[in-house]
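Worksheet: one structure, shown below.
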Amino acid sequence: MPKPVVRVCISGAAGQICYSVLFRIAAGDMLGYDQPVHIVMLEVPAALKAAEGVAMELVDCAFPLLSGFTLTADNAEAFKDADYCLLFGAFPRKAGMERAELLSKNKGIFQVQGDAINKHAKPTCRILVIGNPANTNALVLSTQLTNIPKTNVTAMSRLDHNRAVGQVAAKLGVRTNRISNVWVAGNHSNTMVPIVECGVIYDEDLKNKQPVKPMLPAEWIKGEFVPCVRGRGTAVIEARGHSSSASAANAAIDHIRDWHMGTKPGVFVSCSLLTEEGNPYGIAPGIFYSMPCSCVDGKWQIVKLDLPKEVLDEMKASEAELMKEAKDALQ
């Protein structure tokens, strides 16, 4: 008997990242190859024509799992009965724009969307904020939720996570499936902290593992690895003239797939959650901060790791940055 259709809402559906993500969702890469989906494409009125062209292509692919699609500029229609919301759309930072102004522009967007999700989505709806500044946009959205748990809101740090894993694998000359439990802490910004302390490398048959940090030169970690992960987004823009699209789409799919299907035993990934009092890393409550997380039965769980004081101290810079963003955005 076929599974019930899952309703997935995508905001910013005519954008470059969504052009990379929509077809993979319809193909089953995100929720599984036996899971039918109805994709809702949300766009601003000015971009609906472009989104219509993308919808045509979705139909032309004849995906067996695509049960249907909806194209709309109306938040209430878009979020009605949504099981998942992937929020790519956000106000872009323009030349000369101060970060406070960017936060203010996005505050209006995510307050409105948060209110609409709260009123119209399923109470079990799971929300991933990708549009930047993602961590604080997620915080703004979460303030509107009364019918949906705030624990059902996440901000994406999986792109930074994947970048970190990719760099370690490249340095050691192995495939990325042999690297696990490398992660990133903090904000999706240049204050993030890529962390290899608890990373492991598996042998070729993926049965035995050993710590990865002793295999990485200390000067490489500090002088190349950390700056590369922090600055990768800028480097991509400088190289191709556009921001990361396919890699961001892939990260969103990875994030939701782990949320939907669960992480493998003993494996944790990076996920930005709303911090609570007494969290394992002493981060101030009330901000969306990337933590090492496993996911079981659709619930993200922070993994408590034994980290050196030096790393814990570095994590405070992102905490301070996010606390300031929160203050600016919520005032």
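From the backbone N, Cα and C atoms, a Cβ is placed for every residue, glycine too.
What TrEMBL records for this protein:
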| type | residues | note |
| --- | --- | --- |
| DOMAIN | 6-149 | domain 'Lactate/malate dehydrogenase N-terminal' |
| BINDING | ARG93, ARG99, ASN132, ARG163 | substrate binding site |
| BINDING | ASN106, ILE130, GLY131, ASN132 | NAD(+) binding site |
| ACT_SITE | HIS188 | active site, proton acceptor |
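Put simply, the residue listed as 'active site, proton acceptor' is 8 Å from ASN132 (substrate binding site) when counted between their Cα atoms.
Comparing the recorded positions ARG93, ARG99, ARG163, HIS188 by how many other C-beta atoms lie within 10 angstroms of each C-beta, the top residue is HIS188. Looking at ASN106, ASN132, the binding-site residues in this record, the fewest other C-beta atoms within 10 angstroms of the C-beta turn up around ASN132. Same-chain neighbours of the NAD(+) site beyond ASN106, ILE130, GLY131, ASN132, judged by a C-beta within 8 angstroms of the site's C-beta center, are, in sequence order, LEU87, PHE88, GLY89, ALA90, VAL129, PRO133, ALA134, ASN137. A distance of 10 Å separates the Cα atom of ASN106 (NAD(+) binding site) from that of ARG93 (substrate binding site). For the pair ARG99 (substrate binding site) and HIS188 (active site, proton acceptor), the Cα-Cα distance reads 14 Å. For ILE130 (NAD(+) binding site), the count of additional Cβ atoms within 10 Å of its Cβ stands at 29 [all protein chains shown]. Put simply, GLY131 (NAD(+) binding site) is 11 Å from ARG93 (substrate binding site) when counted between their Cα atoms. Each residue contributes its Cα atom, and for ARG163 (substrate binding site) and ILE130 (NAD(+) binding site) those atoms are 16 Å apart. Between the alpha carbons (Cα) of HIS188 (active site, proton acceptor) and ILE130 (NAD(+) binding site) lies a span of roughly 10 Å.
According to DSSP, ASN106 (NAD(+) binding site) is assigned to a helical segment. Note: the domain 'Lactate/malate dehydrogenase N-terminal' (6-149) comprises 65 helix, 27 strand, 52 coil (DSSP; helix = H, G, I, strand = E, B).
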